[in-house]
Amino acid sequence: MKRRKVDLQQAPVNAAKGVDERFQAATPLRALLNKVFPDHWSFLLGEIALFSFIILLLTGVFLTLFFDPSMKEVAYEGAYPALRGTEMSAAYESSLHISFEVRGGLFMRQMHHWAALLFMASIVIHMARIFFTGAYRKPREANWAIGMILFLLGFLAGFTGYSLPDDGLSGTGLRIASAIMLSIPVVGTWLSASIFGGEFPGHLIIGRFYIAHVLLIPGGLLALISVHLGLVFKQKHTQWPGPMRTNTNVVGERMFPRYALKQGGFFMAVFGTVALMAGLFQINPIWLFGPYRASEVSSASQPDWYVMFMDGLVRLMPNWQIYIGDYSIPPLFWPAVVGLGALTTGPIFWPWIEARKSGDKRIHNLLERPRDNPERVGIGAMAFTFFIIATLSGGNDVIADKFHISLNAMTWAGRIGMLVLPPLAYFISVRICLGLQQHDREVLAHGVETGIIKRLPNGQFVEVHQPLGPVDDHGHPIPLEYGGWVVPKKMNRVGALAPAVKGFFFPVEKPAEAPVSPGMPPVSGDTREEITSGRK
Amino acid sequence: MTSDTPAGRRLRVFSRRRGAPSKTRRRLGAAVRMVAALALAGGVYTAFAPGAFADEPRQLSATAQEGKQLYDNSCITCHGRDGQGVDDRGPSLIGVGSASVEFQVGTGRMPMVRQEAQAEQKKPQFDKNQTKQLGQYIQELGGGPQLPSGELVENLEENPEALARGGELFRVNCTSCHSFTGAGGALSSGKFAPALHDATPEQIYAAMLTGPQNMPVFGDNQLTPDEKREIITYIKVQLQDDRDPGGIFNLGGYGPSTEGIAIFLVGIVLLVFTALWIAGKS
């Protein structure tokens, strides 16, 4: 009998050929696999959000297998002794069941919660990177707007999820949410009654929040994340200016294999970080909070950190009630409804506002270093200062208690700080940017400081500078144009010393190479000579 | 005007109208009535008022004598002679009871370092024995609540429901200041509710009984001694003995504030360094 010869080497080729003949996949796949992504650590911040969203989906599906979104009253008879016999809702009972009886349930719950905090944190950090580098400029305005809406959706997903266990803390949060709805003039009462199905808390809210939390909001998030990434693919990623990088090309690594491997590794790192935190740090110990009772409100009742700015604004708002005839507008309305609305929707329009102000209609695929646009940095610093003060004020009772400050002093510090510090942050950051610009121009005009002081025959001391480019007849450097990218400011950056950083976090420092083009011979390094003070 | 109404006329039937009494007679009657009223009020007062004023200064027990020595050395500046109190410095200690002394002195809050919003807990200045002596002195001086003898933590083997009942009572009565996890919390103007992590059962009981600093008094008609013991059981077993699952560190039990700090200081920092590392490998 003759054995059929199997050519193993040919097998993948045949398989791929078969797939292509059936699905015509080669052409689109080649474009996809060869797609080039620029490499910089700050471009990976958005991925943290994407990966934590994937972790949220995975752990969330696990939790839905055991969670009962019902407000039916039951008596607890589970494994946790300190609540046995207590009347509670089925939602809270099943959350306790997940925490104490489902194998790995508490770990999954903690992973889900930490991943949610990480999701929102990385969205904010990613947004800061986009803002300060001007990556939202034409043609990417729409993606900036989508990103802001993603933050808002994440905010809602977080709030609904925080409410689901129906414990003492989440019920307090819901109570505040209902108060915020009630504070809206004219429609408030109807809005609250329609969401809660009558008077707070009613018997419907957990079921309604559940479907919003597991279907509607994640569906919206998934759709918008797809559009967000699709636009990054279509419009291509922005890149930093630098040698060989222009507004019309992308310099970086191909999607496959290196970039895909890096991203796979980074996903593992994000997953590992979330799992590490879930395993080490307790989060939201619902069993201590007890079932929600309107009479039980704990001190240090805070929302999760990304809602805390709203809580802070509410805490800082003076008690100004406005009466119009028989009606009144409670002070809560201004920070919680107007403030939240303005802070989450206003920034959506920033790219158009800036373009209109500067009259800039060009397409920008190259990023701008923050220092090159001091006004933008100033406005960003102002916004973040405001956000940070509002967030800190959201936890001002914990800060007051743990740092032994009067709570009243904290409130007034927040009120005054909110008005005084943002303009101060604007001024300081603009001055820093201008100073950095100035220094860049100085180095380009005079060269790198060598640290060598030379004494001239007439007794004068001068510092020796290493020119970055050609020099004129007197040996003075010819001023260079600023290229929008890092100007070497230390001698080891121009190849005079061994690299200071060994390349663990940063690429090994190499002397900047002149662009190689076919028409010009490459610059050879042979003609370099050591710089000295001139003394033999 | 009303005298013409039928009701007015009917009333007149019962009134004895034998002409107005003489002026002297009216004066005499008023004086007699006044004396009678005063005698009644005085009699009632002497019958019901505590006899403390009338008594001779009571002989202090030997323990209380020791306590008085300590009191006259360390406490008298603010609380005055015989615990009468000094205006704007220290309140009177008449009637605060030995439970109050054992809490305030036993936790080091008294003697106070300076006048401020609230006395801070610190290393106790007096040992257990001296605290007892001080307590005895204050007790004999003016009476007041005392710590009960016997076990303050319920035996959960015999009475397993005590833990859940204690938790319920803790959440209703204590969490609004001390927080769900017993980590403490801020009150207005620099006052605060301290953390409960290192409080002993005796201290918790004494605090509930006497309401130290800014804490309200939970007298025995608000929380019965059994309910107090259940609350202590919950604090001891659930909050202090670290029965909490969910990792090796509970971030202080301060709720979402410290969780938010943790996600930036640990999560974001770790991942930014990872991003630097991954992007550096090109």
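Positions of Cβ are set from backbone N, Cα and C atoms, glycine also.
TrEMBL does not curate its annotations; it predicts them automatically.
Taken verbatim from TrEMBL:
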DOMAIN    A:15-241  domain 'Cytochrome b/b6 N-terminal region profile'
TRANSMEM  A:41-67  transmembrane segment
TRANSMEM  A:113-132  transmembrane segment
TRANSMEM  A:144-164  transmembrane segment
TRANSMEM  A:209-233  transmembrane segment
TRANSMEM  A:264-283  transmembrane segment
TRANSMEM  A:332-353  transmembrane segment
TRANSMEM  A:374-392  transmembrane segment
TRANSMEM  A:412-434  transmembrane segment
REGION    A:511-536  region 'Disordered'
COMPBIAS  A:526-536  compositional bias 'Basic and acidic residues'
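Ranked by number of Cβ pairs under 8 Å to the transmembrane segment (A:113-132), the listed stretches A:41-67, A:144-164, A:209-233, A:332-353, A:374-392 are led by A:41-67. Nonlocal intrachain contacts for the transmembrane segment (A:144-164), taken as residues 6+ away from its ends with a CB within less than 8 angstroms of a stretch CB, comprise 67, 69, 91, 95, 112, 116, 119-120, 123-124, 126-127, 130, 136, 170-171, 173-174, 177, 205-206, 209-210, 212-213, 217-218, 220-221, 224-225, 227-228, 231, 303-304, 306-307, 344-345, 347-351.
Only residues 6 or more beyond the boundaries of the transmembrane segment (A:412-434), in the same chain, are considered here, and those with a CB under 8 A from a CB of the stretch are 312, 315-316, 318, 370-375, 377-386, 389-390, 392-393, 396. The transmembrane segment (A:41-67) makes no contact with the transmembrane segment (A:332-353): fewer than 3 of their CB pairs lie within 8 A, with pairs spaced 6 or more apart in sequence. For the transmembrane segment (A:264-283), the list of distant contacts is 44, 47-48, 51-52, 54-55, 107, 110-111, 113-115, 117-118: same-chain residues at least six beyond its ends, Cβ to Cβ under 8 Å. Here the transmembrane segment (A:209-233) has Cβ contacts under 8 Å with residues 35, 50, 53, 56-57, 60, 64, 67, 69, 140, 142-143, 146-147, 149-150, 153-154, 156-157, 160-161, 163-164 of the same chain, all six or more residues outside its ends.
Mean per-residue pLDDT, taken over the domain 'Cytochrome b/b6 N-terminal region profile' (A:15-241), amounts to 94.
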